[in-house]
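All remarks here apply to the structure that follows.
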Amino acid sequence: MDTSKDLICIGFEGTAEKTGVGIITSKGEVLFNKTIIYTPPVQGIHPREAADHHAETFVKLLKEALTVVPIEKIDLVSFSLGPGLGPSLRVTATTARALSLSINKPIIGVNHCISHVEIGKLKTDAVDPLTLYVSGGNTQVLAYTGKKYRVIGETLDIAIGNCLDQFARHCNMPHPGGVYVEKYAKDGNKFMKLPYTVKGMDISLSGLLTAAMKKYDSKERIEDVCYSLQETSFSMLTEITERALAHTNKAEVMLVGGVAANNRLKEMLDVMCSEQNVDFYVPEREFCGDNGAMIAWLGILQYLNGKRMDLADTKPISNYRSDMVEVNWIHEENNNSENGNIKSRIIPEHLIGKGAEADISKGRYLEFESITKERVKKGYRTSELDELIRMRRTVKEARFLAAIKELGIYAPSIFDIDKENKKIAMSYIHGKIAKEKIEEGSIDFCEDLGKIIGKMHVGGIVHNDLTTSNFIVSDNTFVIDFGLGKYSDLVEDKAIDLIVLKKSIMSIHYDKFDRVWNKIVEGYKTYNLAESVLECMKEVEKRARYL
């Protein structure tokens, strides 16, 4: 095929209950894009019924598409290889193979999740965004680094779309339920406290879902329950996006996926991005949910940059994670640069640091060098939830910074706590954060990080936000930022603590990951229960369902 001419690709999307066919050119012009959603006769989606829906509707959509673009003009066939429901993926792959063989054109299977990101970039001005991808089956925070889209944060159990749909079914709302939850939430005026579970850059939604169902069953107004569910879950999503933003220092945030159509979620992220001085993007509604155009576009990107597939390579992959894809179409020299410099988040000059939760300023407390950590109000959260979170985390951090010293772990000294304004004044530590040391090539000290984590776990303390930004290395190694910390002797909680750290290292220290992680594990093994925690880590990682 002559790749110098404008290619036309047809894309088939069928990972769950939506059947999509799209046609796009290599210049990014969408010639056809239509999706038909399967609405189950009873609650819930049966995989076989969804697959039958694809078998019927692909034929209809293909016929319609070929009235817009004649079949002889198709140069490439693309389809969603995964992740998704097995029966749906098989029907989609079979449809694509049949067309490819009948017109003798090449075929490309693509990752569904990354397709959302790339169509979002095509349809907005985003170049190198931190992406929040939210849908019925997926909840991920993604960032491109080191030839891959890294999963920096994700749900530890159910996806946000699934959470909203399950709640809607429980309340006898039609499918898809998220639309009706949003509608009811607009008329809610009473915020009810529900579980708010953030672990580093990951979230858990199952407890929130159960609690919301119980509120509904207890005869609370459905408008108020929907309002509280939406405010709580979307605040969690916005927070982990903000945490990932502080960790990666990206200059852009993009929202994609079916749940991206929710106006309240878009509003929250827009406010957060304004507070963090970064750009926010969301594609038009047509390209938020599952669609064939996004599949066709990623197929073109991969094909033009050398990707080729034989029919034997087109077997669907139901657990096809975003970080399994080798990205061949992004070239570093063109990736979000201004005059050759990579764009990054801008921190205000009066601060020495700006995290996801707090502004950090340097000063003096009596005769001592100090920093003040202020948990600032978050404009995206309701005032009730914001006050609760900031107060709880301010007090918790002060308590844990004192507690870990009793375990022989170095931490800043607390000078003063201003609970009313959510401020902590503490000693200034001369040193570099571990993130900077690793970027400079220093690795050996990472064994100390493992030992520190082991000591915390011996003392029953789980940090819940372990990243290389939360250790300061000087003559000794200090651990900071305990706002998400808790006491727990559960092996799984300790395993998740390590998983949070492991994912944060992979996201920005990918080229040094093995050396850094091995050093940390070596140090952690000084903890007498280390082996059981490390084994549990493997089990928890295997459970990652929403890919």
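Cβ coordinates come from backbone N, Cα and C, glycine included.
Residues Ile352, Gly353, Lys354, Gly355, Ala356, Glu357, Ala358, Asp359, Ile360 are recorded by Swiss-Prot as ATP binders, and the candidate that the same record lists for that site, out of Lys343, Lys373, is Lys373. Cross-referencing Asp165, Asp270, Asp279 with the L-threonylcarbamoyladenylate binding residues that Swiss-Prot gives (Tyr133, Val134, Ser135, Gly136, Gly137, Gly178, Glu182, Asn262) picks out Asp165. Asp290 is the residue from Asp290, Asp310, Asp313, Asp323 that Swiss-Prot records in the Fe cation site together with His112, His116, Tyr133. Among the record's L-threonylcarbamoyladenylate binders, Tyr133, Val134, Ser135, Gly136, Gly137, Asp165, Gly178, Glu182, Asn262, no two C-alpha atoms are more than 18 Å apart, and one pair sits at exactly that spread.
The Cβ of Gly137 (L-threonylcarbamoyladenylate binding site) has 23 other Cβ atoms within 10 Å, all protein chains considered.
Secondary structure from DSSP puts Tyr133 (Fe cation binding site) in a beta strand. Ranking the recorded positions His116, Ala356, Ala358, Ile360, Asp465 by the distance of their Cα atoms from the Cα of Asn262 (L-threonylcarbamoyladenylate binding site) places His116 first. Non-local contacts of Ala356 (ATP binding site) by the CB criterion (under 8 A, 6+ apart in sequence, same chain) comprise Glu239, Glu242, Arg243, Leu245, Ala246. In this entry, Ile352, Gly353, Lys354, Gly355, Ala356, Glu357, Ala358, Asp359, Ile360, Lys373 make up the residues listed for ATP, with the farthest two CA atoms of the set 14 Å from each other.
For His116 (Fe cation binding site) paired with Lys354 (ATP binding site), the C-alpha to C-alpha distance reads 30 Å.
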